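Chemist: Structure below; questions to follow.
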Amino acid sequence: MAQNSTQLEKISGSFTRLAEAFQLALTACREIEESLPSILGEKSEVSKPFKPAVTDPSNAKKEINMAIESPSKKATSPKKATPAAVAPVEATSAVDTSEAVASMTPNKRKARDPAQPKRPPSAYNLFQKNQRSEIKESLGEKSNDVKEVNKAMHEKWGSLSEDDRKTYEEEASKLREAYEEEMAAYNASKENASVADSRVTAEETSTKPSEDLSSPTKKDLIDFSETRPLAQASRATPDIKEQHAKKPKRKHTRSTVPTSNVEPVSQPQPSPDKIVSSPNPPSAKREKKKRRKSSMSSSITTPPTAKVAN
């Protein structure tokens, strides 16, 4: 019983301690809850990001356009010129403009021949010329809009009957025939002009050589004194090939000294120590080969003899 009572006391003491700790935790949580608004308020003032003032997009675009246009206007603003400087500029203005146009046009497009006939208009082009004023009046406020005018023109052309179209088509065909005739005449005249130009150039080239021969220049004339030393030098120094050709060839002559009185030259003979006899002369090798062949043939022809039992 005493042991049980001690255990119960220990358990009750632990419960009381837990209750005290729980109360302490609750009080700490309540204090934190009370202090949270002040802590969050202080942090929010510091951590707020910078936000620029919102402006209307239309005003922003206007400001950007003004900033872009202002330096260009300053750069292109004309200065007041003095009357003394204006006078020579006015005198040369017509010449400068013509030169500028002539320098810019050749790079873009070839100059058109004024004598070349222009292409005739089509039936639809003739219809446009006749009906453009009426269609503009019918459109009213939209008469200045090119897209609307062309659209109405196309619709009206599509709604025309075959008889109405024939008048424009016949007129266009007549203009086309006249254009073809004019173009044929233009091409023929162009070919004749090219043939005439080729003849003129051929005549000029044919007359040039005769003029050159008839009138020699100073460069073609050379003094005889300048060429004379060269000719003398060429005669005095013949070619190397001619020198070699003129040289006589040597003839090999035999000696007339009698050979009987001349002693023969003794050649050095090898010492006997240096002479080594060949161990196997070729004749000995041949005999050995013959013996081997004969022994092989005899072994093949003579079969082995069997032993007879006594």
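Any Cβ shown, glycine's included, is placed from N, Cα and C.
Grabbed the feature section from Swiss-Prot, which reads as follows:
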| type | residues | note |
| --- | --- | --- |
| MOD_RES | SER70 | phosphoserine |
| MOD_RES | THR105 | phosphothreonine |
| DNA_BIND | 117-187 | DNA-binding region |
| COMPBIAS | 131-178 | compositional bias 'Basic and acidic residues' |
| MOD_RES | SER161 | phosphoserine |
| COMPBIAS | 200-226 | compositional bias 'Basic and acidic residues' |
| MOD_RES | SER214 | phosphoserine |
| MOD_RES | SER215 | phosphoserine |
| MOD_RES | THR217 | phosphothreonine |
| COMPBIAS | 255-268 | compositional bias 'Polar residues' |
| MOD_RES | SER271 | phosphoserine |
| MOD_RES | SER278 | phosphoserine |
| MOD_RES | SER295 | phosphoserine |
| MOD_RES | SER297 | phosphoserine |
| MOD_RES | THR302 | phosphothreonine |
| MOD_RES | THR305 | phosphothreonine |
Chemist: Give the distance between the Cα atoms of SER297 (phosphoserine) and SER161 (phosphoserine), rounded to the nearest whole Å.
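Modeler: A Cα-Cα distance of 124 Å.
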Chemist: These are the modified residues: SER161, SER295. Which one scores highest on other Cβ atoms within 10 Å?
Modeler: SER295
Chemist: Tell me the coarse DSSP state (helix, strand, coil) of SER161 (phosphoserine).
Modeler: coil
Chemist: Could you measure between SER295 (phosphoserine) and SER161 (phosphoserine) for me? Cα positions, answer in whole angstrom.
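Modeler: SER161 (phosphoserine) has its Cα 128 Å from the Cα of SER295 (phosphoserine).
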Chemist: Mind giving me a neighbour count for SER297 (phosphoserine)? Other Cβ atoms within 10 Å of its Cβ, every protein chain shown.
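Modeler: I count 10 other Cβ atoms within 10 Å of it.
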